[in-house]
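Below is one structure; the comments refer to it alone.
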Amino acid sequence: MPIIKSSRVNIGRFTIGGSIPIVIISIFDHDAKSLTEKFETKKLSDKNLYEIRFDLFDKVNIDEELEIIRALDEMDIDYIFTYRGHDPEKIYETAITKMVPAVDMDLSLLNKVNRRSPDTRIMVSYHTDSSKDMIEKLDEMLKANADIVKVACNYKDEKNFFKDLIEIAQRKEISGKPVLFIPMGKSFLRVISAYYVSDMVYAKYDKETAMGQPDPDYYNKAFSLFNYIG
């Protein structure tokens, strides 16, 4: 699990493409200081892989970004840095210059952010409400200069989800590149995607950063069931 395997890619100590999808805990906070305190007081464990949603912080500027990166580096935290806000090129180039473990950038930014580092994995992503657009973009993304590909779609009709799942599985099997397929809105669809194609899944800490994010325990129980059935 996932059934369709990919080549292996590391984000820090975590290996994508293994036997069980990696659970990413998506987090944000007021500022660097409040985030650091959560790790220091063990509210957040240093054993997990995190998504840092910098655009959702109350304080968003280069100095705050640098302080977050410095603090997480000192505490040896593995994470994916994500920013969906104003002036993204500058924010991402700063993150890559500082060699964060991974960044998640929108497809529209891939050729605008010129900075690259062998220490930073690049995840290219595309979010939409149109499954047709998503599949078309996926073909482009699988050929792009990125380590990991993520597509996310909001579904009103579950039949469209299953149709897309087959399409994505076929493409992943051919390319061998790590793929995340995120069906937004319903948590159980995220689990089904993980069983077949998704090498990583997103969980909430205390608040969702996208529709339908369950907590980590939801995934862990589902994955245990799949292993039992297998």
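Placement of Cβ uses the backbone N, Cα and C atoms for every residue, glycine included.
The secondary structure of Ile52 (3-dehydroquinate binding site), as reduced to three states from DSSP, is extended strand. Taking a C-beta cut-off of under 8 Å and a sequence gap of six or more, Ile52 (3-dehydroquinate binding site) has these contacts in its own chain: Ile27, Phe28, Ile68, Leu72, Tyr79, Ile80, Phe81, Thr82. Summarising the annotation, Swiss-Prot assigns 3-dehydroquinate binding site to Ser26, Glu51, Ile52, Arg53, Arg84, Arg190, Thr209, Gln213 and lists sequence analysis as the type of evidence.
Around His127 (active site, proton donor/acceptor), the C-beta neighbours below 8 angstroms that are at least 6 residues distant in the chain are Asp106, Val151, Ala152, Cys153, Met184. His127 (active site, proton donor/acceptor) falls within a strand segment according to DSSP. Swiss-Prot lists His127 with the feature active site, proton donor/acceptor.
Contacts of Lys150 (active site, schiff-base intermediate with substrate) defined by a Cβ separation under 8 A and a same-chain sequence distance of 6+ are given as Asp104, Met123, Val124, Ser125, Tyr126, Val179, Leu180, Phe181, Ile182, in order along the sequence. Summarising the annotation, Swiss-Prot assigns active site, schiff-base intermediate with substrate to Lys150 and lists sequence analysis as the type of evidence.
Annotation for Arg84 (3-dehydroquinate binding site): spatial neighbours Arg53, Asp55, Asp106, criterion Cβ-Cβ under 8 Å with sequence separation of six or more. DSSP assigns Lys150 (active site, schiff-base intermediate with substrate) to a strand. Here the Cβ of Gln213 (3-dehydroquinate binding site) has 21 other Cβ atoms within 10 Å, regardless of which shown protein chain they belong to.
Annotation for Ser26 (3-dehydroquinate binding site): spatial neighbours Tyr50, Glu51, Arg53, Tyr202, Ala203, Lys204, Tyr205, Thr209, Ala210, Gln213, criterion Cβ-Cβ under 8 Å with sequence separation of six or more. In this record, 3-dehydroquinate is bound by Ser26, Glu51, Ile52, Arg53, Arg84, Arg190, Thr209, Gln213; the longest C-alpha to C-alpha distance in that set is 22 Å.
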